């Protein structure tokens, strides 16, 4: 009996989901593992399980058809069934779990083995062992230092042959367990024997070595951007070719790495930082949305669009639905057209896919190049590699097809890959650059006009501000004059406010009067009408001042007489009180009378002195005003008479 409560181990479920995506949607197993962020799992184990399943996918399908397992077990997921069957027949040879799917597959083990024994010829897969390719990240480690590091670990460095490409293929097939050599084309690629495990190597964790297949490295080798160039990687994640380009350019120049998918962009950004690729600028964006004017400085373009992935080490895509293939080719053509037309300074494009279907490769190239507005020429890769390659495009697509190249698993000992190099026609490039220069000049003229307008506006604003400051200063002066006039009036109008009088000194009053007279004299020279008005106003003010001064003196006199009368009344009252007959206290009263008389006399003397001081102060004020009037008024009258 099956135990329904027991769950299937999670790594089997994850492997089944990735297998389904690779088979139905396309793509790379490695990128899907990165996207799912399964770092807490042993991704190398998952990768081995998935690749082993896909490698024997055809045989497993025939086994299922022979025993009708999928028809009998309708609730069994076919993708999970393939993963478990691969583990049972080609992996651990046993399924230790007690979940229902595991026990179901285990119950069919005899049927599976019977089919394999009866069809040994069909089950034998010709699998050519492929070497382990390692790229040295020259941003962090030189090739000579890398050679010494591996030699210190016991590896033996074998110099790459100077013969033909065929000689090189024989050399890497005959590498012993401890040997390694440099690649024939890409000198930063080291080649180790098949099965060499470097996932746990210290240099790998330090991102000084990158586990990258030679086929993908050929794209950057053929792009060949010089140091200081401007490069655009239109579909950059996970960043293998991006970081290789940065190392090729010696981290000098600029690389725009575009990625639309958010998770893949995070992977790209992290990988760029780890590898020390400082000239790379990761950009989270759809490259098809880039318009003219945004990246006009781009000179070299890498384009590796989404594809069926039929060229990967796992041959799952021996067939593909026509509808899906049509969607892929349509998208690939859009990418290539955009790369050709949207960047006026672009001089070389390398188009690559990990597919072996010509519909995604030669047909895309020929369709786009023939219909492109700009003139591009497909370069002969055989010439670029000096004849040292084996596989090229199909002649079904004319000369354009034969100028492309393929990398194949069985003959080139790499993953399946397609590459095409497109160079822009020199005349068309020159024309595009002239148009770009004209556009730049127009833009510069517009900018200059805007700058002139902004300068004119600035000067106007500055003039307005200066006028405002002048007006403010004039208003402040007027306010100061009004305040000074008010202070003079308060000195004269105040009745007995000695504090205000004391604060105004004679010197300040004279200075104020002199400044006022000088200003008035300047104004009088220009405007005679205003002079007459000012004279009338000043004379009226002087008359008012004299009248007010006389009133103040009369008031003070009246107050003094009233105070004297009050003191006489007080004396009479005191005398009446002293005349009362009190015998016992006669002596005390006499003394009191004497003291009171003394105090009264002193009080009168003090009051009289205060009156005199007040009269003296008012006399001084009157004299000052008379002096001011005598300085101002006569001069005005003389000028008027003249």
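Don't overthink the numbers, they just go from 1 along the chain as shown.
Cβ from N, Cα, C; glycine included.
Caution: TrEMBL annotation is automatic and unverified by curators.
Database features, via TrEMBL:
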type	residues	note
ACT_SITE	354	active site, nucleophile
BINDING	259, 286, 304	S-adenosyl-L-methionine binding site
COMPBIAS	438-448	compositional bias 'Acidic residues'
COMPBIAS	449-465	compositional bias 'Basic and acidic residues'
COMPBIAS	555-574	compositional bias 'Basic and acidic residues'
DOMAIN	122-425	domain 'SAM-dependent MTase RsmB/NOP-type'
REGION	432-535	region 'Disordered'
REGION	555-642	region 'Disordered'
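Location within the structure of each feature annotated in TrEMBL.
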| residue | record | CB count, 10 Å |
| --- | --- | --- |
| 259 | S-adenosyl-L-methionine binding site | 26 |
| 286 | S-adenosyl-L-methionine binding site | 11 |
| 304 | S-adenosyl-L-methionine binding site | 22 |
| 354 | active site, nucleophile | 24 |
Cβ-centroid neighbourhood (8 Å) of the S-adenosyl-L-methionine site, 259, 286, 304 excluded: 233, 234, 235, 236, 237, 258, 260, 261, 264, 287, 305
Pairwise Cα distance for residue 304 (S-adenosyl-L-methionine binding site)/the residue listed as 'active site, nucleophile' [Å, integer]: 8
Span of 259, 286, 304 around S-adenosyl-L-methionine - largest C-alpha separation, Å: 14
Rounded Cα separation (Å) that holds between residue 259 (S-adenosyl-L-methionine binding site) and residue 354 (active site, nucleophile): 18
Segment confidence, the domain 'SAM-dependent MTase RsmB/NOP-type' (122-425), expressed as mean pLDDT: 92
Cα-Cα distance linking residue 286 (S-adenosyl-L-methionine binding site) and residue 354 (active site, nucleophile), given in Å to the nearest integer: 21
